[in-house]
Ligand code: UD1
């Protein structure tokens, strides 16, 4: 409650101090929750059941997609996260009415007529670039600031821009801003991606659902979140075939109409809690998951000595014996091992009885958590895209700072098994992706609280 009040007061303060009364300031803004910290007293095995939240990486593009509809949409299972708030703030700024009630969000895009996104809002959420395709398709023009680099290293948008250009968007770069316009309706075309970028695939899908003619995306991303976005759009009246495969075909339609839709469960939150169960020698049941989406991570946990059993939309993970190393984790586009699960699984491997090897193939700067894990006593060496983890007998509590979302979650995973007290700061990163990390972990026996 106090945390929420603080967020509210801080947001109100920011709105007035920044002269941004026109829209609601998202809670993740720098400084908002930086004073919070998690206090973790490690060493308690986790036991019990957890319900898995909706997927952030699905909810965000689906929220953006509501902009394209002629009528309101009702979304369920949207996780209560600062990134979701940031998307809602952008939608409101653009002129949508957005009503959020817990995990349900109603978006009415009828009055949306603004085509720019203020720089403050662009910077708030990394995936805001995906608004570009939707705004251009809806309004025929857009002005957004160039998204900067981020905590994972430079995040280029060349694939997004070249794809949108192929669909007919004229894009001029102007001192950190992208000024875009279209000459009438966008035109479907054949787009070949040199890498199956998740964000670029989403941008193309959003730009092309109402384009004239047919768009084909070759080497499209195959992530479950792409399939979820396609399913939402199809329910709205879009004609999309092949989502989840390497070639997606989109036959443009004149209009799409809002619908009621439930976002898929978050496979990365599930993988994080699996790592927490494994490192503490616990026994957790995760409910409301999609087992198929987690297939890429199961081998790592089984290799680590865990028993993983699945049934319907539930899984049970337990570890009784030794924690074994994971020999070779290579992050790859889906259905490969997800880059987002690399850090939590690495945290797990710090206490394994041997050497684990990680190869990060998606982002060049995704090992920042390793220096913080070392503060807890982990033995990790990083050389370029390779990290070598020599398992240690014990981790010891220490002050650590989250510097990115999944790296932050990895610190919590390690802290749960460390001897003594760990204080985790930088929670604004963790709060971007985990709706209730301390409440979830408390409910299964962890000694963790936020101050
Ligand atoms: C990526 C992950 C996604 C994850 C998300 C959040 C992959 C393939 N994608 O999605 O699973 O949920 O981060 O952590 O694992 N790139 C370019 N030019 C572009 C776009 C991307 O070079 O225009 C490069 C990126 O620098 C990166 C790679 O392609 O090396 C993957 O990027 P992309 O899939 O677009 O990233 P996200 O959409 O953020």
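Residue positions begin at 1 at the first shown residue.
Each residue, glycine too, has its Cβ placed from N, Cα and C.
According to TrEMBL, the feature active site, proton donor maps to 150.
Residues or ranges marked as phosphoenolpyruvate binding site in TrEMBL: 56, 57. DSSP classifies residue 57 (phosphoenolpyruvate binding site) as helix under the three-state reduction. The Cβ of residue 57 (phosphoenolpyruvate binding site) has 26 neighbouring Cβ atoms from other residues within 10 Å, across all protein chains displayed.
Annotation source TrEMBL lists UDP-N-acetyl-alpha-D-glucosamine binding site at 126, 155, 156, 157, 158, 159, 340, 362. Residue 362 (UDP-N-acetyl-alpha-D-glucosamine binding site) carries neither a helix nor a strand DSSP state and counts as coil. Its Cβ placed at the centre, residue 362 (UDP-N-acetyl-alpha-D-glucosamine binding site) has 20 other Cβ atoms within 10 Å.
Per-residue pLDDT, averaged along the domain 'Enolpyruvate transferase' (41-441), amounts to 96 for this model. Residues or ranges marked as domain 'Enolpyruvate transferase' in TrEMBL: 41-441.
TrEMBL lists 150 with the feature 2-(S-cysteinyl)pyruvic acid O-phosphothioketal.
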Alpha-carbon distance [residue 126 (UDP-N-acetyl-alpha-D-glucosamine binding site); residue 56 (phosphoenolpyruvate binding site)] in Å: 12
CB contacts for residue 157 (UDP-N-acetyl-alpha-D-glucosamine binding site) [other CB atoms within 10 A, all chains]: 17
Three-state secondary structure, which DSSP defines for residue 340 (UDP-N-acetyl-alpha-D-glucosamine binding site): helix
Around the Cβ of residue 158 (UDP-N-acetyl-alpha-D-glucosamine binding site), the count of other Cβ atoms that are within 10 Å: 10
Which of 56, 126, 155, the listed binding-site residues, has fewest other Cβ atoms within 10 Å: 155
Most distant Cα pair in Å, residues 126, 155, 156, 157, 158, 159, 340, 362 binding UDP-N-acetyl-alpha-D-glucosamine: 22
